[in-house]
Amino acid sequence: MGSHIELGTSLHPSSNSSPLHPIASNSATLGRHLARRLVQVGVKDVFSVPGDFNLCLLDHLIAEPELNLVGCCNELNAGYAADGYARAKGVGACVVTFTVGGLSVINAIAGAYSEDLPVICIVGGPNSNDYGTNRILHHTIGLPDFSQELRCFQSVTCFQAVVNNLDDAHELIDTAISTALKESKPVYISISCNLPAVPHPTFTEEPVLFYLAPRISNQMGLEAAVEAASEFLNKAVKPVIVGGPRLRVCKAQQAFVELADASGYAISVMPSGKGLLPEYHPHFIGTYWGAVSSSFCGEIVESADAYVFVGPIFNDYSSVGYSLLIRKEKAVIVQPNRVTIGNGPSFGCVHMADFLTALALKLKKNTTAMENYQRIFVPHGIPLKREINEPLRVNILFKHIQEMLSGDTAVIAETGDSWFNCQKLHLPENCGYEFQMQYGSIGWSVGATLGYAQAAKHKRVIACIGDGSFQVTAQDVSTMIRCGQKTIIFLINNGGYTIEVEIHDGPYNVIKNWNYTKFVDAIHNDEGKCWTSKVKTEEELIEAISKATGEEKDSLCFIEVLVHKDDTSKELLEWGSRVSAANSRPPNPQ
């Protein structure tokens, strides 16, 4: 859970920024204005790949003393890094070149859209004089139409600005950035390559701070929703609360905790909401994920006679192939701006945090579900006794990762079996946790780890990445080393795309094995601080972790963990079979 920009407050400028301070006319440029705006909203690092259409703009970003340009190996990773940065800082930014860069970064921007992350995607565009002509430019598909990139971004951003005229550049840039913050979604800004250095009268004053108007619930709707929900829940015998991923976009985590404290209900989290709720709360019972829930959590949630789902996303993955034993008539569904109660009324223009805070005052204390959980709960088993130098098992690996966690760490879980193994980690207070469940793009974690670690320099990031995913985006480990990051990467080498094996196996899921430690050593090339280790047994793992957290604590540490190709979590086996069944449903009869 990063620090986020709140609606209803001014965005604080940096210490040496002074609103309404005149700027020398030759410095009053679009490039300077954009750089200052990024700094104002909290972006201190911009992830970029240079290209001829954005070079002049990059000069102006570099000239801003409070902005650090992080050059990435490719645009996809630059976008993933901006995604990871936004998770920690509340907003992120990347800069790429026209079309070849834009269409490369767009996959990462789509992922940020799915996860409600305000990422400002800036593209260096064609010279303003080329718009409206019949010229064909390089970096295009060979047509005299420059709108292909824009049309692609319209589906995955909440606002698009094409800046090819200085007269409206100020308005377009400010509207785009403020819209990203208000909607908590990515935006697209294309800036003609000949404009960043040109002075214009609209940029002669230091940018005035944004004021983002707070979203206000319809008071009558709020009161009606609270009245109906409290009546519904106060009749229940053993109600529970389940938190979902949209708690983040609503900044409703504190209101959720207030409701949990006041109600006494057992609280759980959907898998995509992990990290948004305090797992040290006395009423926390684990992850609700249908058939692959935390032990005893699924039974308590699905046997409840009423459940409050706060900010859920029910997709085929989170519902384990549509197999949740949840009945709509028992549910209160709280979405960002709407509350629906059972099969009955729905109340719009009711904001999540307002609703939770007001509902907390109306509910009777009911600890029945929590007491039931405590009666049936049996502590986790321990892995079977192992032989000396026995090949390392994944459950042993995660036992040791659990012991590494503290409030000074953050976990990044790659798409794959790490979803399930990391889901079982118990997060201490202030321990960060991020993964990309809705979009599920393999390789996301390399760039996201780069961005998150750059934003959260006070935390040591622990990334759990499978070998298949790592091969997609591996290059930007070099950027982590160049930035002096101290991340610990556990590369789990089991010889293929294990999550896809469990959904539908085939020879395409087997990948060429790399010598991953030597690969990272080659990237390191004795420049910067980097340490690698390859481990095959628990003894070697213990020694590697000791070194990574001891004498190599200031280095990027890359630990390749060799495990058997069939060593998967039991949750992945169950989940994979159910998702496979959902994917293979025959067509409905016509």
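A Cβ is built for glycine as well, from the same backbone N, Cα and C atoms used for every other residue.
Per TrEMBL, the feature Mg(2+) binding site maps to Asp467, Asn494, Gly496. If you look up TrEMBL, you'll see 10-22 marked as compositional bias 'Low complexity'. Annotation source TrEMBL lists domain 'Thiamine pyrophosphate enzyme N-terminal TPP-binding' at 29-134. What TrEMBL lists as domain 'Thiamine pyrophosphate enzyme central' is 226-343. Residues or ranges marked as domain 'Thiamine pyrophosphate enzyme TPP-binding' by TrEMBL: 436-561. What TrEMBL lists as region 'Disordered' is 1-22.
If you average pLDDT over the domain 'Thiamine pyrophosphate enzyme central' (226-343) in this model, you get 95. When the domain 'Thiamine pyrophosphate enzyme N-terminal TPP-binding' (29-134) is classified with DSSP, helix, strand and coil residues number 52 helix, 22 strand, 32 coil.
Around Asp467 (Mg(2+) binding site), a 10 Å sphere centred on its CB holds 25 further CB atoms from the protein chains shown.
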